[in-house]
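Per Swiss-Prot, these features apply:
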type	residues	note
BINDING	N142	Ca(2+) binding site
DISULFID	C27-C38	disulfide bond
DISULFID	C55-C154	disulfide bond
DISULFID	C129-C146	disulfide bond
DOMAIN	34-155	domain 'C-type lectin'
CARBOHYD	N60	N-linked glycosylation site
CARBOHYD	N99	N-linked glycosylation site
SIGNAL	1-23	signal peptide
Amino acid sequence: MRRFLFLSLGVLVVAFSLNGIGADHHCPWDWFSFDRFCYKVIKQRKNWQDAERFCGQLQNGSHLASIQSWAESKYVAMLLSNNAFLDTVWIGLFEPEKNRSLEWSDGSGFCYTGWERRKRNNVDNKKYCVELSWMSDYLEWNNVKCESRNIFICKI
């Protein structure tokens with residue numbers, strides 16, 4: 001009987017963690033928890049603006065994911081490695097006007113940067129948005145034209 005209770009408790013703990021319920025934050029059932037935030041990978045291809053709009057409609061207060069630390073970057077990379085299937089993925093970093101500084105769509109500040117080794121470029125004077133690529137194990141940022149169609153990750 002004791003073994004059955006222990007096994008049942010273990011299954012319950014695993015079920016809660018798979019449903020995105022972390023010890024420090026409660027997320028919607030199909031979102032994943034890290035620190036005090038929730039994340040969801042969306043496997044639909046959209047341009048950056050449509051992806052940002054989709055996140056906001058999906059859950060109140062949701063935006064494309066901002067990445068504020070190395071630990072958060074590693075967590076997002078792990079989620080994408082398990083769910084993105086060798087795709088490029090939009091995050092919430094964008095250039096609101098040509099040749100301006102980048103901003104996070106959720107309004108958060110810059111605490112961390114993860115630019116790819118070849119660094120940020122804007123050679124053709126167009127607006128850019130930022131993606132993560134499987135080629136860098138989803139750890140390095142790359143700016144591309146916002147009209148590109150990628151899958152994306154939302155954060156609340």
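Cβ atoms are placed via backbone N, Cα and C, with glycine included.
Taken together, the residues in the domain 'C-type lectin' (34-155) have a mean pLDDT of 90 on the 0 to 100 scale. For the disulfide-bonded residues C38, C55, C146, the ranking by surrounding Cβ atoms (within 10 Å, all protein chains) places C55 first.
When the recorded positions N60, N142 are scored by other C-beta atoms within 10 Å, N142 scores highest.
When the alpha carbons of C27 (disulfide bond) and C129 (disulfide bond) are compared, the span between them is 27 angstrom.
Listed in sequence order, Y39, K40, I42, F54, C55, L58, Q59, S62, H63, L64, A65 are the same-chain residues six or more apart from C154 (disulfide bond) with CB atoms under 8 A from its CB.
Calculated from their C-alpha atoms, the gap between C129 (disulfide bond) and N142 (Ca(2+) binding site) amounts to 8 Å. According to DSSP, the domain 'C-type lectin' (34-155) comprises 28 helix, 38 strand, 56 coil. Of all the recorded positions listed here (N60, N142, C146), N60 has the Cα closest to the Cα of C38 (disulfide bond). The two recorded residues, N60 (N-linked glycosylation site) and C146 (disulfide bond), have Cα atoms 23 Å apart.
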